[in-house]
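First up is the structure itself, then whatever we jot down about it.
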Amino acid sequence: MSGFRGLPLLVMADSYKPSHSLLFPDSVKSVAYGEFRKSYDNDKEDTRVLFCGIRYIIENYIAIKWTQKDVDLAEKFFSTHNAGFTPFPFPKDLFLKFIKENDGYFPVKIEALPEGTSCHVHTPVFQITAEKEYSSLVTFLETQLTMVWYPTTVATLSRRARDRIEKAYQETVDDDGYWSLESRLHDFGFRGTTCIEQSIIGGSAHLLNFSGTDTMSAAYYVQFTLNNGNPIATSIPATEHSIMTAYKSEREAMLQEINQYGSGAYSCVMDSYDYSNALNKILPSISKQKNEKGGYMVLRPDSGDPVEAVLMALKAADEVFGSDVNKKGYKVIRGAGVIQGDAITISSLEKILKAIKEAGYSAQNVAYGMGGGLLQKLNRDTMSFATKLSHLTYSDGEARDIMKTPKSDTGKISLPGEFGVIKNKEGVPIVHPKENCLENDPKNLLKVVYDHGKVCEWEDFDTIRKRVAKEWPSLPPTYDNISPELKVKIGKVVQEIKERQKNS
């Protein structure tokens with residue numbers, strides 16, 4: 001059994017997929033592609049996408065050998081999978097053919113944008129090609145490949161959050177405080193995911209933008225699987241409510257943490273009973289011990305209004321520990337800060353950052369923990385990802401570019417043909433018809449990542465991070481990324497569709 005948890009690879013698709021090989025017209029070549037059809041939160045002013053995550057799918061699912069045992073197990077399953085528990089059609093002979101002739105590897109070629117590429121919506125992020133007798137299998141892997149929606153959406157959300165924080169840094173933080181930006185959005189999402197695998201995939205996507213995480217599964221995976229053992233993420237010791245309530249007083253708990261970790265950075269949750277009391281009475285009572293240790297204490301509210309909670313903590317810390325005014329005229333708390341880890345969204349983040357600045361504090365004083373909102377509170381429709389057939393060459397040699405044009409929802413229109421993605425002079429990835437690109441054009445961003453079992457050499461995570469840091473800020477928030485040649489093709493195909501509809 002070669003698949004995940006012993007599942008045969010044949011069943012790692014939607015049920016209707018195995019029936020499609022008998023429905024496709026006879027063809028010798030077929031092409032499909034995947035794209036994000038709308039921006040995060042349907043933002044019309046920023047349509048950028050931070051693509052990532054296809055390596056995980058290729059390595060863990062697609063580049064796995066199918067076996068005779070897979071087919072045998074699937075056949076038993078399909079024997080009762082149809083309505084009424086009757087046999088369900090599946091292309092057994094076709095599967096056995098590539099198991100024998102292609103050493104068990106799925107017989108398609110997959111091209112994809114490099115991990116960490118910044119692009120705009122409607123850019124093909126991957127392209128699948130199937131040929132000859134396997135042409136009908138072109139979209140069999142759609143179910144798995146479409147799952148790039150998840151890490152890409154997480155990475156895009158995380159990057160959009162970084163944009164907001166970075167803007168506040170530019171306005172209120174001196175150059176010598178910029179190092180702290182890397183940890184300002186901390187991944188608190190592990191426990192909110194549905195499984196360990198989701199935490200790895202989503203948590204890894206976040207780490208393209210920040211080094212702060214409590215999702216150790218992702219931090220470990222990235223370090224030792226994607227980055228040659230080089231460290232990629234950090235956290236600090238911290239109390240949780242069970243620690244605070246285990247003592248007869250919160251003061252005892254704080255003193256214990258100071259005693260154990262007070263010489264470094266550490267975080268203390270402050271709202272187990274009475275947030276205001278913890279800030280205004282207990283915090284002053286442990287200031288002597290805290291200052292003697294000389295470390296950095298992070299105050300963590302975990303309930304109430306996020307803006308109010310952050311400002312209360314800043315003012316209390318300022319009163320107890322003091323602050324210095326930086327060159328830009330904003331206060332930096334001495335040896336203390338705040339992390340707001342409750343109810344963080346892009347909207348609440350913007351409100352908090354605005355309030356911090358208006359209160360006269362530097363943005364470096366506050367970090368943010370994003371949990372379910374980062375790794376769980378999103379879905380495929382968040383950025384409307386879809387995989388669609390785009391080209392077919394029939395057995396008689398006729399080549400046809402294909403597109404979907406639903407009259408009832410123009411947002412679901414797809415692109416026709418085979419594609420190349422090439423940066424223009426401004427560095428923007430532009431979508432071209434493949435026939436307008438040179439064969440194996442090094443400028444074409446759609447690179448072969450899987451070819452009938454052969455897998456590309458992947459870049460390490462540090463390299464991908466550098467790509468993100470370079471490309472995302474320089475990419476215009478919006479751009480018309482469809483080339484004139486492709487627009488002509490779209491018009492032509494749309495007209496052909498209208499003619500066929502008229503004559504049908």
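Quick reminder: no glycine exception, Cβ is built from N, Cα and C everywhere.
Automatic, uncurated: that is what TrEMBL annotation is.
As the structure is a computational prediction, the values presented were derived from the model and not from experiment.
Database features (TrEMBL):
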type    : residues                                                       : note
BINDING : ARG191, HIS241, ARG300                                         : diphosphate binding site
BINDING : ASP214, ARG300, PRO301, ASP302, GLY341, ASP342, GLY372, ARG380 : beta-nicotinamide D-ribonucleotide binding site
DOMAIN  : 9-110                                                          : domain 'Nicotinamide phosphoribosyltransferase N-terminal'
DOMAIN  : 184-453                                                        : domain 'Nicotinate/nicotinamide phosphoribosyltransferase'
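The distance from the Cα of ASP214 (beta-nicotinamide D-ribonucleotide binding site) to the Cα of ARG191 (diphosphate binding site) comes to 10 Å. Within 10 Å of ARG191 (diphosphate binding site), counting CA to CA, the binding-site residues GLY341, ASP342, GLY372 contribute GLY372. Recorded residues HIS241 (diphosphate binding site) and GLY372 (beta-nicotinamide D-ribonucleotide binding site) have their alpha carbons 19 Å apart, per Cα-Cα distance. Taking the Cα atom of each, ASP342 (beta-nicotinamide D-ribonucleotide binding site) and ARG300 (diphosphate binding site) are about 9 angstrom apart.
Classification of GLY372 (beta-nicotinamide D-ribonucleotide binding site) by DSSP places it within a helix. Within the group of binding-site residues (ARG191, HIS241, ARG300, ARG380), the Cβ with the highest number of other Cβ atoms inside 10 Å belongs to ARG300.
In this structure, the binding-site residues PRO301, GLY341, GLY372 were compared by how many other Cβ atoms lie within 10 Å of their Cβ, and the smallest count belongs to GLY372. Long-range Cβ proximity for ASP302 (beta-nicotinamide D-ribonucleotide binding site), meaning a same-chain Cβ under 8 A and a gap of 6 or more residues, is found for HIS241, VAL269, MET270, ASP271, GLY341, ASP342. Under DSSP, residues within the domain 'Nicotinamide phosphoribosyltransferase N-terminal' (9-110) fall into helix, strand and coil as 42 helix, 17 strand, 43 coil. Residues ARG191, HIS241, ARG300 are the ones the record ties to diphosphate, and the longest Cα gap between any two of them is 18 Å.
The beta-nicotinamide D-ribonucleotide site in the record is lined by ASP214, ARG300, PRO301, ASP302, GLY341, ASP342, GLY372, ARG380, and its two most distant CA atoms lie 32 Å apart. Reduced to three states, the DSSP call for HIS241 (diphosphate binding site) is helix. Around the Cβ of ASP214 (beta-nicotinamide D-ribonucleotide binding site), the number of neighbouring Cβ atoms within 10 Å comes to 20.
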